[in-house]
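Encoded as structure tokens, the structure appears first; notes follow it.
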Amino acid sequence: MDALLQLKGIDKAFPGVKALSGAALNVYPGRVMALVGENGAGKSTMMKVLTGIYTRDAGSLLWLGKETTFNGPKSSQEAGIGIIHQELNLIPQLTIAENIFLGREFVNRFGKIDWKKMYAEADHLLAKLNLRFKSDKLVGELSIGDQQMVEIAKVLSFESKVIIMDEPTDALTDTETDSLFRVIRELKSQGRGIVYISHRMKEIFEICDDVTVFRDGQFIAEREVATLTEDSLIEMMVGRKLEDQYPHLDNAPGEIRLKVDNLCGPGVNDVSFVLRKGEILGISGLMGAGRTELMKVLYGAMPRTSGYVTLDGHEVVTRSPQDGLANGIVYISEDRKRDGLVLGMSVKENMSLTALDYFSRAGGSLKHKDEQQAVGDFIRLFNVKTPSMEQAIGLLSGGNQQKVAIARGLMTRPKVLILDEPTRGVDVGAKKEIYQLINQFKADGLSIILVSSEMPEVLGMSDRIIVMHEGHLSGEFTREQATQEVLMAAAVGKLNRVNQE
């Protein structure tokens, strides 16, 4: 089968860094090509070379069989290559049609926008994707999943033959993911080629036909997905076997550190649980069940309307995140780019931001040497891959950004560490490193709450698991009792609380 798009021998270097070396990618009509690799493997750089954002240093790009060079995203877009970024590129205050044809509005012979034609064309594109809403609806009124469908419709408006999807399900519910997969199958049937960039193994094996593996900027292999197992694919990605994906540390938890009684707040109703020293408490549940809301009420980022929280036997009241930090409760957000990190600031500034009191003199000036020493220690402990602590954190991979976010929380010397989706958007190798760090904190007696949508992660790392459903606690299980089936039954409200101390 002839490829729609073929990149061969692609090299790209930046000062001091060889980002791509002999990289290759083929995209075939009517097939989904997964592009996988650890964070920093070169996937994003390859997409920027492909779409003309970066100029390649060496190699060839064949588009529809002809040697081609794109001089920017507009050039590749007009040629028929569409890209849907992880962060959606839509304006909430405009309608669907206005977003789809922004800058390309239909104009009548009097020089005015032909609204009737524009909405008709947009409705036609939505119908191609079997979507039930009309194009006169505001984008801001749509769910994230439906907004993603608008991005696909926008790509189709350019008559794109190849569509690149970057972590497309990162913010989607299971139902929205199913809808996306139906659309991808429809696009395949129309002969379009899809590039599917994802860390989620389950999705790759469900929706992709072929897979291309990158490692350290190099092309490793192209295989049919049907010929692989998850283990063999991961081994190609990381260059080694991951013997134990979830390295659980089996030690006896200590005395009760945190006690929550009848806690209520926005999206949280009458929740009670305990957390012991040196224990990992997993929090499971479906999207919208109230897991993140519970953590934010506990930490002080959302108001508590009733209930009691005691820490080491003393009642604590957290009316703000500052109160949470002052009492030894640290919350690492599920959205590190929005809530957790200042992307334009350096690794050092991000890591020490909430711990500046520890590096301040009486007069308010900073002890810069102490700050640098502490940041350097954490960079080594966490194996953060960065040229220097002065590097802008926005330039690091997702896994390294997450390590910095966790390190920042630990700099305040907390008693309770809340990790909300700690490995979201993180590759398999970096995940393993984060799990090992979590075990290290656990061994040191830190009390950890692990909130995750990935059931294998919760099952693999937790000592106990509580499940939430519609703001309530719907189940509590020991490690031995917990299975995916039991957790799912509790998550949909079909199982009563069965655990017991």
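Just so it is clear, glycine is given a Cβ too, placed from its N, Cα and C backbone atoms.
Now, the feature entries from Swiss-Prot:
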- GLY37, GLU38, ASN39, GLY40, ALA41, GLY42, LYS43, SER44: ATP binding site (BINDING)
- 5-241: domain 'ABC transporter 1' (DOMAIN)
- 252-495: domain 'ABC transporter 2' (DOMAIN)
| field | Model confidence over the domain 'ABC transporter 2' (252-495) (mean pLDDT, whole number) | value | 88
| message | Give me the long-range Cβ neighbours of ALA41 (ATP binding site): same chain, 6+ apart, Cβ under 8 Å, in sequence order. | response | PHE214, ARG215, ASP216, GLY217, MET237, ASP427
| remark: Across every protein chain in view, the count of C-beta atoms other than its own within 10 A of the C-beta of GLY42 (ATP binding site) is 24
| How many neighbouring Cβ atoms, not counting its own, are there within 10 Å of the Cβ of GLY40 (ATP binding site)? | 23
| message | Within its own chain, what residues at least 6 apart in sequence put their Cβ under 8 Å from the Cβ of SER44 (ATP binding site), listed in sequence order? | response | ASP166
| request: Report, as a single number, how many Cβ atoms besides its own are within 10 Å of the Cβ of LYS43 (ATP binding site). | output: 23
